[in-house]
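Swiss-Prot annotations:
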- GLY169, ASP170, ARG171, GLN172, THR173, GLY174, LYS175, THR176: ATP binding site (BINDING)
- SER362: site 'Required for activity' (SITE)
Amino acid sequence: MEIRADEISRIIREQIKDYGKKVDVAETGTVLSQADGVARIYGLAGAAAGELLEFPHGTRGLVLNLEEDNVGAAIMGAFEHIREGDPVKRTGKIAEVAVGEELLGRVVDGLGSPIDGRGPVNAKHTRKIEIKAPGIVQRKSVHEPMQTGLKAIDALVPIGRGQRELILGDRQTGKTAVAIDTILNNKGNNLYCFYVAVGQKQSTVARVVEILKQHGAMEYTTVIAANASDPAPMQYLAPYTGVTMAEYFRDTGRHALIIYDDLSKQAVAYRQLSLLLRRPPGREAYPGDVFYLHSRLLERAAKLSEKEGGGSLTALPIIETQAGDVSAYIPTNVISITDGQIFLESNLFYQGVRPAINVGISVSRVGGSAQIKAMKQVAGSLKLELAQYRELAAFAQFGSDLDKATQETLARGERLVELLKQGQYSPMPVEKQVIQIYAATQKDENGQGWIRQVPVEEVGRYMRELVEFLDARHPGVAKTIAEKKALDDGIRSQLDAALREFRGVFQVEGQA
C-alpha cells in the first residue's frame, strides 16, 4: 500500500481547520426528590443562593437552600413532570426580569412573562429581582402629596410620594377598592402604577383588569399576577418582580406606585416553601426570616434625593386580618415596617360607611408633611372631632337625656361621617375635596355650620350638588385652590359667598 504524504497532511490540515476551541461545560446535578414544587438536588456544589437552575422541558428553578450534600430549589412553574433522577443544570444567572415602558398596559406572571395573550414583551432592559434598597444618603424625606382621591384618606391619613402606607382589614371590607381608586385618581398625573395580585382568584384579577381598562387606567398600569392556582414559588416571587419593574421608573427620575394585594398570601406561600425546605418553624409556623421577607421588599419604596434624579416609589401593601385582629404576627410585622396604616373595619362597612376607615387607629406617620396647605387648613380638627363623636355616640346609646353641647357634637359628627362616605371607583380631585370639607367644617355668618340645617340623609346629595353648582356658577374657585394649594382670605370670602348662594338654591330643591 502506497503512503501518500501530501494527502495525509491535507486531511490533517482540514481536521485542524474544523477544530473548534468552544467547549460546553455545564455543572449538572441530579434530582434526589421532588414534592409540592420543591426539589432536592445532588451534585451542584458550586450553586449560589438565588441562582436559576434549568430542569428538563425548560422548567426553571430557584436555589433557596445550600446544604452540605445537596441543594434545595423552588420550581418555577409546573412540577408534575419532574422525577427523581432527572438532570438539573446550573445557569450561572441570578433571577432577572424585563423592565421598561414596554410593560405598561400588560398583564404578566410572577416571573414577568406575559399572560394577556398579546405576544411577547419586547423590553430593552432587564434587572435583577433581588437588589439592595437605596441607602439613607440617596433618600429625601417625603414631602410631595400622592392623592388617592378619597376624602377620608387625603384629609385624615394623607400619603406622600415615597411613603409605605399599609391597608389592612378583614376580607371583603374594601381594601382592593381603596387601592384601585388610587390608581384611577392618578390618571394624567405622570404616576406609573403596578398592581401585584398574590394568591387571588383568576376571575378577581380579570375583573380588576377590566375596571382599569374601562377607566383608561391600563395605559399607565402593569398587572403582575401570581394566582391562587400558581405554585407557591411564583406567589413568593411576584412582589419582588413587581417592585423591580417599578424601581426602573423611580431610578429614571419618575414617580411610581406599587400595590401588593396581598402580602398575607405571600407570607403563607413563603411559609409553605420554608416548611418543605425543612427550615425550622417559628411563631404561627412562619420561618424566622418572615420579617426580613417583607422588610427588604418594602424598604425598596423610597423618595430619592435630587442628586439621584428625584424619582419616587410609593408602596401600598395590603394585609388581610382575621376577625379584626391587628395584633397577629404578620399584621404587626408589616405595621412596624411601614410609615402608617389605614385600618378598614367590617362593622363600619356593614353600617354603610364606605370606605370603612377606622379613623381612630389609622395613622400616617410621614404624610402630614406632604399634605397640601389648603387641606391642612380645612381638615386640621376633623380627626379629633370624629374621635369625639365616636366616643360620645357609644355613650349616647345608653342615655336619652343629653345636654345641648353633646347633642351638637353628635349632630356635627353624624354629618362629618356622611361627608367622608364615597362611592367606589369615583375618586375626587383634591380641590373639590377641600371645597366639600370647607362646607362641612366652617361656620356661616350666624356661627352655625354651613350644613347644620341639612338633614343627615341629605348631606351626600348636598355635597354632590355643591360641587356641580360651583363648577357651573363659580368655576374659578376650584381652579384657584388647585393652583395656589392654599386658602387665603380672598378664596374664603368667595367660598362663603358661593355657599350662601347655594344654600338658597338647595333649600328650594329640597322643598320641591
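Cβ atoms here come from the backbone N, Cα and C positions, even for glycine.
Features as recorded by Swiss-Prot, highlighted on the structure.
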residue	record	Cβ contacts under 8 Å, 6 or more apart
GLY169	ATP binding site	LYS175, GLU320, THR321, GLY324, PHE343, LEU344, GLU345, SER346, ALA356
ASP170	ATP binding site	GLU320, THR321, GLN322, ALA323, GLY324, LEU344, SER346
ARG171	ATP binding site	GLU320
GLN172	ATP binding site	SER346, PHE349
THR173	ATP binding site	LEU344, GLU345, SER346, PHE349, ALA356
GLY174	ATP binding site	LEU344, PHE349, ARG354, PRO355, ALA356, GLN424
THR176	ATP binding site	VAL208, ASP261, ILE318
SER362	site 'Required for activity'	LEU156, VAL157, GLY340, GLN341, ILE342, PHE343
Checklist outcome for this item: Per DSSP (helix/strand/coil reduction), GLN172 (ATP binding site) sits in coil
Checklist entry - Cβ within 8 Å of the ATP site's Cβ centroid: which residues qualify beyond GLY169, ASP170, ARG171, GLN172, THR173, GLY174, LYS175, THR176? => result GLU320, LEU344, SER346, PHE349
Item to check | LYS175 (ATP binding site): tally of other CB atoms within 10 A of its CB | outcome: 25
